[in-house]
There are 4 protein chains.
Amino acid sequence: MSRVRKVVLAYSGGLDTSVILKWLQDTYGCEVVTFTADIGQGEELAPARAKAKKLGVKEIYIEDLKEEFARDFVFPMFRANAVYEGEYLLGTSIARPLIAKRQIEIARKTRADAVAHGATGKGNDQVRFELGYYALAPDIRVIAPWREWDLTSREKLMAYAKKHGIPVEMRKKGGSPYSMDANLLHISYEGRMLEDPAKEPEESMWRWTVSPERAPNKPEYVKLEFRHGDCVAVNGRKLTPAQVLTTLNRLGAKHGIGRLDLVENRYVGMKSRGCYETPGGTILLKAHRAMESITLDREVAHIKDELMPRYASLIYNGYWFSPERRLLQELIDASQATVNGWVRLKLYKGNVIVVGRGSDTDSLFDPTIATFEEDRGAYNQADAAGFIRLNALRMRIAAKLKSRR
Amino acid sequence: MSRVRKVVLAYSGGLDTSVILKWLQDTYGCEVVTFTADIGQGEELAPARAKAKKLGVKEIYIEDLKEEFARDFVFPMFRANAVYEGEYLLGTSIARPLIAKRQIEIARKTRADAVAHGATGKGNDQVRFELGYYALAPDIRVIAPWREWDLTSREKLMAYAKKHGIPVEMRKKGGSPYSMDANLLHISYEGRMLEDPAKEPEESMWRWTVSPERAPNKPEYVKLEFRHGDCVAVNGRKLTPAQVLTTLNRLGAKHGIGRLDLVENRYVGMKSRGCYETPGGTILLKAHRAMESITLDREVAHIKDELMPRYASLIYNGYWFSPERRLLQELIDASQATVNGWVRLKLYKGNVIVVGRGSDTDSLFDPTIATFEEDRGAYNQADAAGFIRLNALRMRIAAKLKSRR
Amino acid sequence: MSRVRKVVLAYSGGLDTSVILKWLQDTYGCEVVTFTADIGQGEELAPARAKAKKLGVKEIYIEDLKEEFARDFVFPMFRANAVYEGEYLLGTSIARPLIAKRQIEIARKTRADAVAHGATGKGNDQVRFELGYYALAPDIRVIAPWREWDLTSREKLMAYAKKHGIPVEMRKKGGSPYSMDANLLHISYEGRMLEDPAKEPEESMWRWTVSPERAPNKPEYVKLEFRHGDCVAVNGRKLTPAQVLTTLNRLGAKHGIGRLDLVENRYVGMKSRGCYETPGGTILLKAHRAMESITLDREVAHIKDELMPRYASLIYNGYWFSPERRLLQELIDASQATVNGWVRLKLYKGNVIVVGRGSDTDSLFDPTIATFEEDRGAYNQADAAGFIRLNALRMRIAAKLKSRR
Amino acid sequence: MSRVRKVVLAYSGGLDTSVILKWLQDTYGCEVVTFTADIGQGEELAPARAKAKKLGVKEIYIEDLKEEFARDFVFPMFRANAVYEGEYLLGTSIARPLIAKRQIEIARKTRADAVAHGATGKGNDQVRFELGYYALAPDIRVIAPWREWDLTSREKLMAYAKKHGIPVEMRKKGGSPYSMDANLLHISYEGRMLEDPAKEPEESMWRWTVSPERAPNKPEYVKLEFRHGDCVAVNGRKLTPAQVLTTLNRLGAKHGIGRLDLVENRYVGMKSRGCYETPGGTILLKAHRAMESITLDREVAHIKDELMPRYASLIYNGYWFSPERRLLQELIDASQATVNGWVRLKLYKGNVIVVGRGSDTDSLFDPTIATFEEDRGAYNQADAAGFIRLNALRMRIAAKLKSRR
């Protein structure tokens with residue numbers, strides 16, 4: 001294989017990717033470009049710059065991608081009501097393609113011939129990064145240090161760091177024993193105590209939300225407005241997509257909303273246990289479904305529901321940039337033209353309760369037809385007899401045949 | 001059309017079906033057989049007998065079908081995690097086929113040539129009753145008084161009742177202004193105030209559950225055991241299917257669990273707003289999904305998820321006895337062979353939180369492979385590189401083609 | 001119901017619709033507007049005008065819709081490879097919505113308040129017409145004489161015609177005993193001898209194609225060119241959509257291509273036996289699939305294949321103008337952007353054989369990778385080991401668990 | 001990795017697997033057990049025994065698996081009407097799992113710790129073999145010589161054979177330049193001239209069927225009888241599954257039936273061009289569909305049609321022993337209970353034409369309802385009005401909303 005000259009590393013500034021940075025320099029004898037993105041993980045990015053500089057990096061990219069993340073990734077996904085395996089809101093899955101895309105763009109700009117990431121060889125994230133890389137730059141060289149090096153335990157990693165003067169003093173993220181990932185949509189926890197799916201996670205693990213028990217005793221009402229399936233205002237204030245997520249995260253976190261504890265099926269073949277906090281996303285999903293309930297045609301909604309698990313799997317498995325995800329997105333986006341209006345929710349100790357929905361322009365709820373009262377001929381009840389009889393016909397023919405046998 | 005001699009009426013003992021009883025006698029000049037089932041609606045059935053007698057009925061069937069309902073209808077449906085339009089647990093839909101089936105059986109026994117029900121011509125229930133009738137007795141005569149008579153307003157109905165000496169003194173179900181339906185799985189509300197989907201229902205409407213606000217301040221833990229996908233024990237006590245529902249209903253109701261307010265798409269073509277309380281079912285669904293999460297193969301689970309919306313629609317639309325529902329049930333039941341083990345839940349003010357799950361016999365969760373720690377070769381991380389590269393191949397070929405253009 | 005003042009009738013000029021014309025005038029005392037479309041059925045339309053005039057019709061619409069039919073209905077459908085129940089190319093189904101649409105447009109123009117058609121109450125066509133009417137003009141009055149009148153046998157119909165001076169001398173379509181329907185895409189046969197599905201149709205029934213036995217003994221090669229999934233040229237000659245169908249019909253008919261004899265499931269609930277000739281469509285379908293085989297991504301093609309049966313059912317059942325058909329069309333059309341190139345076929349005695357396909361711009365067939373010969377590193381065979389091992393992982397975990405039990 | 005002691009090789013007796021045999025002995029220093037199966041490929045198996053003996057093999061398994069292949073693999077697959085990508089009848093795909101299964105059984109019997117096959121690292125067959133191995137024996141060691149050795153060109157392979165005294169004099173299968181695979185269901189061709197998808201294959205390539213041009217000028221009629229979806233008799237003679245395939249292959253080959261030339265999408269990610277002859281299978285598929293057309297309920301048939309592409313992909317991709325294929329098979333097999341009766345076909349120069357079908361016990365074709373003639377009240381045409389109006393209701397509501405805007 002040809003020599004690597006320059007590699008763009010997805011760099012968090014933490015211990016692991018700092019070790020990777022050094023290891024890349026040493027092992028490949030190549031220049032490293034670091035790329036650090038603010039996608040709402042809630043961490044200072046300045047230290048990443050300092051550390052990268054200290055490790056001799058000349059090209060350092062630090063970017064605020066929060067709006068792009070919310071607008072071009074999170075929002076399109078929510079149009080589909082995407083949920084993986086009935087529960088998981090895909091918070092990590094949806095962030096990886098954006099990182100991959102920017103790494104490739106930076107590789108083009110800096111004339112790098114390789115990209116690298118800090119995901120392990122066991123998880124889904126490596127797949128999500130690399131499918132993104134390959135889809136956008138088919139000839140790019142991909143380096144996945146965790147699959148290559150011999151730093152197979154935390155001890156060896158620490159020893160390597162020490163030996164090469166990489167600061168390990170402050171454990172990342174305040175010393176959590178969990179493997180965590182955070183962005184504007186969610187924070188996730190894996191590993192350690194969680195590896196026993198029979199055990200309840202300790203309360204101290206959760207970082208974003210209060211527990212339902214400690215949430216306010218008074219419910220709070222919130223109104224979301226939608227345009228073409230996207231939330232565009234909260235409580236009457238127009239907001240950008242990232243602002244929507246920030247606002248809903250704050251509300252959800254306050255009311256103990258969006259915690260999740262599950263066992264999921266990884267694309268690489270094993271089951272794993274993860275815990276997630278998706279406060280804003282949980283509110284948004286509930287509201288979006290309610291918005292669709294009065295603005296979408298029944299069969300359109302049902303087609304969306306039937307395609308959703310597949311769409312969610314595509315995102316979970318890392319196929320954001322695949323032609324099939326793009327194809328399904330065409331259908332999903334087309335369905336949202338009429339998803340306009342507002343939804344009112346009540347937030348209370350972990351609950352997101354829909355209490356009202358309306359649309360001045362696109363409501364298909366027709367009270368004159370639905371009513372149990374006299375409807376003045378809007379609906380002819382006699383029609384139902386023929387409707388039922390013809391829908392029953394094939395079953396009647398079969399039943400007659402059976403009775404003759 | 002030939003003369004009707006004897007009709008089996010699904011008789012609740014309430015005002016509406018009492019009027020129907022009389023109307024059938026008068027209009028068709030036929031004998032009426034009443035059939036009243038206890039499916040857990042929580043009402044006294046003795047008055048139904050007295051009323052029927054008073055109206056001259058000679059053949060009165062009053063039956064406790066709670067176990068059959070739970071075992072042969074509710075439980076098979078929960079194996080599929082069936083939810084209509086993302087929210088509705090199908091509480092009314094699943095009860096109608098059982099009533100229809102017993103009506104047909106009674107019609108055979110009493111040599112009746114017709115069946116009748118009290119559902120209106122606008123709703124789903126008429127379809128559910130009648131598709132059941134036709135599937136089981138293709139030549140049965142079906143009488144749907146609401147589609148035939150001229151008692152098109154409540155006033156006319158009352159007048160008719162008064163004129164024929166049918167007691168109207170006590171309004172059914174304690175004077176609720178809502179159209180309600182209850183059984184072991186749920187209670188539903190439609191009509192009146194609910195016909196404006198923008199408005200929050202009044203607290204006084206809800207009959208089974210306390211509000212989350214008034215639920216206990218202390219969480220309660222509960223353990224469900226499953227065998228072949230069915231819950232067979234709660235907190236260590238073996239229970240029959242109906243007992244499971246009763247027990248979980250009590251727990252759910254106490255903790256404010258299972259309220260739902262939605263706009264749904266009826267099979268007959270319009271949107272309608274309904275409110276539901278499904279306390280036990282809400283707990284059961286969450287637990288069943290968690291049970292499956294460690295005992296079902298990934299692809300099996302995904303096939304179930306993709307077929308679920310269609311299966312749920314079949315039940316919602318009244319096709320319980322159709323060949324296609326039976327066919328899907330074969331697949332669903334076959335999938336449950338390994339769904340054995342236990343799930344532990346925390347109930348708190350409207351929340352059902354999974355806090356643990358395990359299976360001595362069928363857990364596919366393999367901590368030696370999933371672990372982030374050293375796994376002693378259980379999983380070879382290098383395998384992931386090939387996995388990713390071949391999964392990316394078609395996208396790389398396409399990207400290369402694109403770049404050449 | 002309110003009085004009908006003016007009705008637009010889908011008028012073929014044949015006996016049945018002439019009787020309907022008269023019957024409408026007499027029964028509803030209303031003015032009748034006739035609409036006769038040339039959609040390639042291959043019949044003279046001039047007599048329709050004469051007849052309508054003779055029956056007192058003042059507004060007579062006779063239109064050539066062949067291009068619109070091919071371009072806006074047939075071609076979009078072929079992009080989906082739509083086939084109903086594995087066999088039927090939907091020749092009748094796809095024509096009805098166009099007729100319905102023009103009837104509604106003419107009704108608007110002529111200020112008519114009703115539309116009428118000549119389809120019976122047993123078939124699919126009534127549904128296709130009327131769903132089209134209602135989707136486009138929700139308040140239109142629909143008159144379906146076959147469901148209303150008492151002319152329930154051919155004898156009564158003839159008697160009515162005689163009595164009202166409607167010419168019955170020449171039996172429609174040269175005296176065929178079959179119920180037939182023809183357009184640019186196909187001709188169909190139903191009824192009479194065909195009502196016994198055990199019997200082979202007589203050779204004399206078929207009107208468009210020669211039998212394979214009488215087709216030329218020499219094969220003929222033909223080359224189709226595609227652009228965005230549509231055939232735009234045959235044997236190097238640029239053609240309009242209608243010309244494409246005409247050309248392929250001629251070729252197919254000559255070579256005994258496109259006969260079909262099947263039992264299908266009607267939307268109204270019964271099975272029926274139909275025979276079809278779709279010479280051009282059969283060629284086009286085969287060619288389109290071959291075109292896609294080298295220009296579509298695998299997963300895109302598979303999604304199309306999985307959605308196709310539902311899309312075909314929508315068309316068969318008359319839902320062309322439904323939101324769900326339009327939604328699926330968005331996906332299908334989006335998939336066709338790369339379906340550009342050519343396909344070469346050999347036509348011989350009923351066979352359509354693909355013998356070559358190519359695309360200068362969009363071929364995803366990469367011989368350097370597919371080759372069994374030395375590929376100079378385009379594909380790393382070692383990747384397959386990891387690919388297989390991770391795809392097998394979940395099955396291995398399950399097998400180990402099983403072996404431990 | 002631990003040492004290999006004994007390996008079970010899928011051995012054809014041809015040059016490639018003979019080289020593999022020797023290479024395994026040399027490279028792994030292990031004992032080799034050969035397994036050669038007669039699955040209807042139409043080759044002498046005696047030479048395989050002689051060759052293996054000559055190469056020092058002590059445990060030689062040669063088995064006739066034709067009946068098992070037809071009964072437990074081909075027939076279940078045909079119940080699903082499985083076709084990959086609209087065209088390919090899966091002839092190679094369905095044979096691999098059987099070989100894999102027997103290899104594992106022999107490995108258990110002979111206490112071998114490894115299995116090996118002769119499939120290359122580029123194709124689907126390696127996946128099919130190995131997914132089978134791993135699903136049945138999760139800890140088995142798998143050796144895929146083509147992915148390991150350095151015999152990367154035919155020249156090197158020949159040199160190796162010569163050096164080790166492996167006879168290369170007679171080129172396998174009469175010197176065909178194509179890569180071929182044959183069994184009771186089909187014969188396939190890949191490679192060489194076929195690597196240009198624009199070119200028509202030479203007539204001399206095809207080995208089983210005559211060309212349609214050279215097929216008899218007289219059609220032949222054949223009658224197939226089905227029981228539970230399986231063909232059990234041809235022209236009145238009861239036959240075993242393997243005999244059915246043999247008989248239909250003879251008929252199909254004689255009449256030029258079952259040739260196919262296509263570009264398909266391999267599971268490992270690239271497109272490849274293959275040619276196939278499946279004479280008997282082509283007849284069987286057409287007949288099975290026709291049998292289902294009168295014995296299956298509409299919705300059951302449609303569910304099967306929608307699931308078929310996925311089922312076919314599972315087999316194509318090698319997931320025969322996966323839980324999801326088994327799950328779908330439950331549904332498919334359950335659907336076949338009523339698929340009993342007969343189909344009559346006309347075979348003529350490449351055409352398989354259905355000319356009649358019937359079922360004494362399970363025909364759902366009811367001529368009294370389907371008839372265009374007077375049906376004496378079997379079907380009430382007026383029912384259709386209500387059927388249509390309620391099916392149109394949601395579209396009417398939407399159209400009214402639109403018109404108000």
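Cβ atoms are placed via backbone N, Cα and C, with glycine included.
The ATP binding site annotation in TrEMBL covers C:A10, C:Y11, C:S12, C:G13, C:G14, C:L15, C:D16, C:T17, C:S18, C:A37, C:G118. Annotation comment: TrEMBL describes C:Y88, C:S93, C:N124, C:R128, C:S179, C:S188, C:E264, C:Y276 as L-citrulline binding site. Taken from TrEMBL, the feature L-aspartate binding site applies to C:T120, C:N124, C:D125. Feature annotation from TrEMBL assigns domain 'Arginosuccinate synthase-like N-terminal' to C:6-167. The domain 'Arginosuccinate synthase C-terminal' annotation in TrEMBL covers C:178-397.
Taking the features listed in TrEMBL, we show where each one sits on the structure.
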| residue | record | DSSP (3 states) |
| --- | --- | --- |
| C:A10 | ATP binding site | strand |
| C:D16 | ATP binding site | helix |
| C:T120 | L-aspartate binding site | coil |
| C:D125 | L-aspartate binding site | helix |
| C:S179 | L-citrulline binding site | strand |
| C:E264 | L-citrulline binding site | strand |
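Spatially, by CA atoms, the binding-site residues C:S93, C:T120, C:D125, C:S188, C:E264 include one closest to C:S18 (ATP binding site), and that is C:T120. Around C:S188 (L-citrulline binding site), the same-chain residues at least 6 positions away in sequence with a Cβ under 8 Å from its Cβ are C:G91, C:T92, C:M180, C:D181, C:A182, C:G274, C:C275, C:Y276, C:E277. Chain D has a C-beta under 8 angstroms from the C-beta of C:T120, C:S179, C:E264, taken from the binding-site residues C:T120, C:N124, C:S179, C:E264, C:Y276. C:Y88 (L-citrulline binding site) carries a strand DSSP state (E or B). DSSP assigns C:S93 (L-citrulline binding site) to coil in the three-state reduction, outside any helix or strand. When the binding-site residues C:G14, C:Y88, C:S93, C:G118 are screened for a C-alpha within 10 angstroms of the C-alpha of C:D125 (L-aspartate binding site), the residues that qualify, in sequence order, are C:S93, C:G118. On the backbone, the CA of C:E264 (L-citrulline binding site) and the CA of C:S12 (ATP binding site) stand 26 Å apart. Long-range Cβ proximity for C:R128 (L-citrulline binding site), meaning a same-chain Cβ under 8 A and a gap of 6 or more residues, is found for C:S93, C:R96, C:P97, C:A100, C:N317, C:G318, C:W320. Candidate binding-site residues: C:S12, C:S18, C:S93. Fewest other C-beta atoms within 10 angstroms, C:S12. Geometry remark: C:G14 (ATP binding site) versus C:Y88 (L-citrulline binding site), CA distance 26 Å. Residue pairs drawn from C:A10, C:Y11, C:S12, C:G13, C:G14, C:L15, C:D16, C:T17, C:S18, C:A37, C:G118, the listed ATP binders, are separated by up to 16 Å at the Cα level. On the backbone, the CA of C:D16 (ATP binding site) and the CA of C:N124 (L-citrulline binding site) stand 17 Å apart.
Comment: L-citrulline site residues C:Y88, C:S93, C:N124, C:R128, C:S179, C:S188, C:E264, C:Y276; largest CA to CA distance 19 Å, whole number. Counting other CB atoms no more than 10 Å from each candidate's CB, the binding-site residues C:G14, C:G118 peak at C:G118. What surrounds the L-aspartate site, by Cβ distance within 8 Å of the Cβ centroid and not counting C:T120, C:N124, C:D125, is the set C:A119, C:K122, C:G123, C:Q126, C:V127, C:R128, C:V268 from the same chain. For the binding-site residues C:T120, C:N124, C:S179, the greatest number of Cβ atoms within 10 Å around a candidate Cβ is found at C:N124. Cβ neighbours within 10 Å of C:A10 (ATP binding site), excluding its own Cβ and spanning all shown chains: 23.
Annotation for C:Y88 (L-citrulline binding site): spatial neighbours C:L260, C:L262, C:E264, C:G274, C:Y276, C:Y316, criterion Cβ-Cβ under 8 Å with sequence separation of six or more.
Rounded to a whole number, the C-alpha distance linking C:S179 (L-citrulline binding site) with C:T120 (L-aspartate binding site) is 11 angstrom.
C:G118 (ATP binding site) sits 12 Å from C:N124 (L-citrulline binding site), taking the C-alpha atoms as the reference points. You'll find the Cα of C:N124 (L-citrulline binding site) roughly 16 Å from the Cα of C:A10 (ATP binding site).
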